[in-house]
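Okay, structure first, notes after.
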Amino acid sequence: MSQHAPIEFLKKLGESTRTQEDPVHVMATVAFMLGQELKVSRCAYAEVDDDQDTFCIRQDYTSACESVTGQYQLAAFGERAVATMRSGHTLCIEHVEKELGESTAAETFRSIGVQAIICCPLVKAGSLRAMMAVHQVEPRVWTEAEILLVQEVVERCWSTIERARAEEESRHNERRFHDLFEFAPDAILLLDDVGEVTLVNQQAETLFGCARSDLVGQPIDQLISEPKPGDDTTEAATTPSSEGRLPTRMAQVCTRQGERRWVEIRQSPIHTGSRRVTAAAIRDVTARRELEAKLRQSQKMETVGHLAGGIAHDFNNLLTVITNSAELVLMGLKADDLMAEEMVAIRDSGRRAADLTRQLLAFSRQQVLQPACVDLNTIVRRLRPIICRLIGEHITVKIECSRRPGFVFVDVSQMEQVLLNLAVNARDAMPNGGRLTITTAVHSRASDSDRRPERERGLPQVMLRMNDTGVGINGATQERMFDPFFTTKNRGHGTGMGLATVYGIVKQSGGDIAVESELGRGTTFRVSFPLAPAGPPVATEEPTMTKSESSRATVLVVEDEADVRRITGRLLESCGYVALLVRSGKEALELLATQSETVDVLMTDVVMPDMLGTELAARVKELYPQIHVLFSSGYTADAIGRHGVLDSDRHFIRKPYERDVLARSIETLLNSADS
């Protein structure tokens, strides 16, 4: 090998490996070229593990011998090889048999068919990292030039492999960044130093509804808009952090299709040498905000419900006394008496307060319902004349009932309340006249507008549709229209409980309600209930009661509130009944022990301190089965329902009751017992 040969060889070696990207290919090329240059039997490059003993030959060059690629232990080649390699010196053996004799190391060399070897180590930072070896299958005297060439090649091979690995890692990182960027769940925009978009990902196309070519070059300020004053969003500071990162802030984007969506934006600088690049991550939070709004609404509803339930009992007891006291005073006054007008005002105010309490309970879904299977078509037809009178002659009413019976399991009086409240709402939307169309239908499958849970969507439903040609409802009002006490009417012209009551009744009855409206184009309410199996016909009008000897019956009133107990006794006596008044279940049992033959009806409050009304009723039925039981309560359906008072085989009257309702309940109880 001439003096110029190594220079020419190293030049060719550099040219051959410079453009190679795969480290394994670099190893193969170096082994091949060095093996041919030195005309050896084998040439191999090995990498050493961190344990400084295990090494791996991935590629080798062979000529008239077998490949030795694989994993080996350096210790198997003897202590001389281990010490020489770890010290950074080159191991040269010209004749294995003579130099190593019958040692284990010699046996290892013979096993791979080697008699002469040059093995040059590469030590970095005190650790053995790689080795370059040339093998000869017969003894050979190595020249100094050959040894120097191997030493030079191992260094160059290491550098080339490290360069290839660094480039491979860089390409891997680029692919990884591309995948993270392109398939990120957020829209990502890269901005230049003036805030114009230079690169966007796939999610940005989806968010803005346009091709990325339409986004590139656009100023970020033209793609997003800041929230308006009063928007439900948290104010965010715009002062960058010490790293230049802006705090997360809320904004809106307008899609190519004109849809406005709420987004969270996070901006942060990216260090790319001299260029200033900012990354903007934009997350669509429209659905999350809608869920949060629903949660807040639900929590608000729950709060109102707790409030309504908390005051219902006390309010209903007070209103029972106020309304009926005024009624009893009125009964003793002449029509022209000056006090009559004041008593009427007191009584009517009490009734309005009772209605408001019932509406609150209806909204919070805690009112006492007495559901039955009824054809919705029957209710609609029967209410038509009432609706016509209620909304006035300037509005045309059109009724279109389904030919198929629409049986629903609802409280008839509450269903009537739903219809009347929706009719009044329609009337107020058509001050200059218009048309109100009420339609019923039975759907065997769920419609597209059905918002019931998926498990219920396959069930048949009965639909009530009420459409008006009024002024319509804007989006902001639609979001709050079912809130209690929310009204668009002038002060003093509405309580804001009409639609809230409708919402509560429908939900408590297992139904759903939806609204579609557009300003200037009217409003449509859709109320749906599960279709109920056809049951026995339910009377939708109050039965006409006849006076009988039962009006002389004796009623034992058990009520822990003294004023309610007293006024109930007065009401019963004014209807011709004999009233016996006690304040607890214990007193009732003591009285019945001596007067059970004279008592026809036990009228008992449900929730009392010492003994529940249901417990008292059970004792009375056991001891005196001839006595009929009527329960009364001002508590919510939730509270009294736990005691089984609302079961179909029990008679119940809710507070605040009035004289006529109380008399009818007693009469109905006695007449049903006689029959």
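Glycine residues also receive a Cβ, built from the backbone N, Cα and C atoms like all the rest.
Predicted automatically and left uncurated, TrEMBL annotations should be read as such.
Annotation source TrEMBL lists domain 'PAS' at 173-218.
Here the domain 'PAC' (244-297) is broken down by DSSP into helix, strand and coil counts: 12 helix, 32 strand, 10 coil. Among the features that TrEMBL reports, domain 'PAC' is placed at 244-297.
The feature domain 'Histidine kinase' is assigned by TrEMBL to 310-533. If you take every residue in the domain 'Histidine kinase' (310-533) and average the pLDDT, you get 81.
Taken from TrEMBL, the feature domain 'Response regulatory' covers 554-670. Taken residue by residue, the domain 'Response regulatory' (554-670) breaks down under DSSP into 55 helix, 25 strand, 37 coil.
The 4-aspartylphosphate annotation in TrEMBL covers Asp605. Annotation for Asp605 (4-aspartylphosphate): same-chain Cβ neighbours under 8 Å, separated by at least 6 residues, are Val558, Glu559, Asp560, Glu561, Gly613, Phe631, Ser632, Ser633.
Positions annotated as region 'Disordered' by TrEMBL: 221-246.
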The domain 'PAS' (173-218) - residue tally per DSSP class, helix then strand then coil: 21 helix, 10 strand, 15 coil
